[in-house]
Structures are given as C-alpha cells and as structure tokens.
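As annotated by TrEMBL, compositional bias 'Low complexity' applies to 165-178. Under the heading domain 'Fibronectin type-III', TrEMBL lists 67-164. Annotated region 'Disordered' per TrEMBL: 163-197, in sequence order. Annotated transmembrane segment per TrEMBL: 205-231, in sequence order.
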Amino acid sequence: LTGEEKRRNKNGHVGPCLQDPSRSGTCTVHGSEFWSSYRLNITEVNPLGSSFRLLDVTMQAIIKPDPPEGLVVEPIPLAPRRLHVSWKYPSSWPKEPHFQLRFRLQYRPVIHRSWSVVETVNLSEVITDAFAGLEHVVQVSAKDFLDAGNWSEWSAEARATPVRDLATTASEETTTDTSLKRLAEEPSQAPNPEPITRSDPLEKMAILVSLGIFAFFVLAAVLVITILIWLRVRRHGKDETKPHNFLVAATHLKALPSESGC
C-alpha cells in the first residue's frame, strides 16, 4: 500500500485481498460487509511488464452459502410412501434473523437416475411419493432467502428406505418388480425432471366419463345413420311399386271399350 492507501486503510476503506499460495486464482477479503460494494485492483505481472484492471463487486450478487449440514432421512412408521427429511443451517452462515436461507431438496430411488425436486423455507420436509420398501437417496442445497447470489453445492447424500405395507406386500410384489425394472432401464432426459407422477383416482374417473360420452355419441351416430338408410330403402321400394300399379290400371281401362263393343 502507498502512504495515502495506508492512511485510508486506518479508516477501513482500503485493504488487501489476501491470496492463498495454494490457489493462485483466488484471494480473500476479511471483514467484508454483505450489503457493501467493493472495487478490486487486480494486477497481472509477467516478464514483459505488468497491467491492472479494476473489478467492481457487490457482495449480495456473488454470495454462495456452504451446503446445509446434518442431513437426516428417516422412514415414517405406518406410512409406506413417506420419508421425513431434516437438516441444519451451514455453520458458516450468519445466525441472524435478517439472513435467512431457503432450501432445495432432491431425492430419487437408488436404482433411478432422475431426481424429484422440491423447495422449502423450513428445516424439514416430508416426502410423500416415495416407493415403499425401496432405498432412496436425498440431498439438499441452500440459497439466500431473497434470491441473492447462487445456490450452494449439494450436501452429502443421506439414504433411507420407507417401511413396507405388510397388508399389500404380497399383492404388489409382482407389480413392483416389473415397475422397478422399467425404472432402472429408463434413461434420464434432464438433470432436474419433474417429480415422478402416478395415476390419480380423479383422473381415472375423468377418463371413464370421457369414454362413456364418446361411446354415447358413437352409438347415436350409428343409430341415426341406420334410420336414414332404412327410410331411403323404404322410399325406394314405394317408388318401384308405383309404375307397376299404373300399368295395370291403364291396361284395364284399355280393355273396357272392346268388351262393350262385343
């Protein structure tokens, strides 16, 4: 620092960005403030000379929390499709009311390659669409509550297996084996696909109602076509009989004068 910079540094305005010898591309500003902006003077030196540039940085634009800690996943008794997940704030994050985090939870069956993702502001979440009796892997990441900066890296994995429903285990065993084989062979098309969907009783009812309405209109159309064909055939039959009756009447009238002449 120059003499002027040293004098300013006493007032907390100018200071060094300490470089880690093992990481040549990084430096650390100690005592930085979250809502402040900083201007970094970056100097590059090589045998041909040196150059510098000024880089303006806003703390809230580059903030990136550490991953959440203490991730725990537990099955819920008597709930074969549910898992309870809990975690803690990263120890490096300020424990103050105005520095809240929101979280992103991803989970999947171990044999499946695509993730289901949910977001929450709580420190726990209940997964409601897990596969009974199948081991699941879960991870969580964090971001500033006001959406500043970037998502943290994913936490270490935690695993758990939902309890099996003994009442339906025997009847579902064959179906589950087939479904799991299909899931294992299915490729993942996206890094964060939509949660795995399953059939809904309301959807089934809507499909049945739609099929019933469609069948009604088809039967009505067939009935109308049949009636039209029958009426046309009947009218055609009447038209054919009319000339025959006319010829008979004409022949009868023609024969009458000759009989009277006799």
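Placement of Cβ uses the backbone N, Cα and C atoms for every residue, glycine included.
For the domain 'Fibronectin type-III' (67-164), the DSSP-based tally of helix, strand and coil residues reads 0 helix, 48 strand, 50 coil. Here the domain 'Fibronectin type-III' (67-164) returns a mean pLDDT of 93 for the predicted model.
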